[in-house]
Amino acid sequence: MKRIAIIGSGHLGQQIAYHIHHDSGDKVVAFFDEFQPVNTMIDHIPVIGGNDDVITKYQQNEFDAILIAIGYKHMDAKKELFQKLDGKIPFHTFIHSSCYRDSSAAIGQGSVIYPGCVIDQNVRIEDNVLMNISCTVAHDSVIGKHSFLSPSVAIAGFVKIKEQCIIGINSTVIDNITIASQTQIGGGGVVIKNIDTPGLYVGNPVRYVR
């Protein structure tokens with residue numbers, strides 16, 4: 001059994017803890033949260049400190065590996081925390097047992113793959129990525145570091161989504177597309193051509209909003 005700590009005790013952190021407890025032999029033993037007092041209990045899991053306490057608590061053998069549960073509204077913090085801890089603390093990677101993952105696919109450290117996802121041949125999911133329920137990433141595609149895929153996203157083959165992207169619920173990206181870093185695709189968006197400029201894109205096909 002691996003003892004997991006999660007940074008972020010909100011709904012996302014609680015969901016991840018639930019999936020770990022119900023779908024693996026590992027155990028979430030602690031939360032870290034800047035906005036909760038130490039010793040607060042959340043779903044029977046204690047908050048043992050804030051972000052600045054993570055390394056010290058690891059050195060004190062409080063946990064074995066860390067996950068970052070910071071949602072799409074705080075993408076910079078998600079990236080900064082990962083970079084701060086990378087090489088100092090092991091990151092856990094969680095892949096729900098209901099997912100299909102081809103043996104040729106690679107999934108980076110600190111990534112979380114929710115139930116029902118499909119990860120096809122030669123796909124690369126980079127570090128610190130979250131894929132919510134029922135996402136599909138087709139062959140030879142890449143999901144860049146620190147990105148967030150909402151439920152039921154469909155990514156076709158030979159797609160490259162760069163770092164810190166947010167892909168909204170039920171969005172579709174057709175084949176051979178590249179999406180620039182720090183791009184957000186609104187829910188239901190359909191991407192049919194490359195996106196070179198970061199920003200928010202919505203619609204079918206998507207158009208730049210801001």
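The first residue you see is number 1, and the count goes up from there.
Glycine is treated like the rest: Cβ placed from N, Cα and C.
Predicted automatically and left uncurated, TrEMBL annotations should be read as such.
Residues or ranges marked as domain 'PglD N-terminal' by TrEMBL: 3-84. What TrEMBL lists as substrate binding site is Gly71. Annotation comment: TrEMBL describes His139 as active site, proton acceptor. What TrEMBL lists as site 'Increases basicity of active site His' is Asp140. Residues or ranges marked as acetyl-CoA binding site by TrEMBL: Ile169, Gly187.
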Long-range Cβ environment of Ile169 (acetyl-CoA binding site), under 8 Å and at least 6 residues apart: Ser150, Pro151, Ser152, Val153, Gly187, Gly188
Other CB atoms within 10 A, centred on the residue listed as 'active site, proton acceptor': 17
Distance, the residue listed as 'substrate binding site' to Asp140 (site 'Increases basicity of active site His') (CA atoms, angstrom): 26
Neighbour tally for Gly187 (acetyl-CoA binding site), based on other Cβ positions within 10 Å of its Cβ: 14
Neighbour count (Cβ, 10 Å) for Gly71 (substrate binding site): 16
Rounded Cα-Cα span from the residue listed as 'active site, proton acceptor' to Gly71 (substrate binding site), Å: 26
Mean predicted confidence [pLDDT] for the domain 'PglD N-terminal' (3-84): 98
The domain 'PglD N-terminal' (3-84), counted residue by residue under DSSP: helix, strand, coil: 35 helix, 22 strand, 25 coil
CB contacts for Asp140 (site 'Increases basicity of active site His') [other CB atoms within 10 A, all chains]: 18
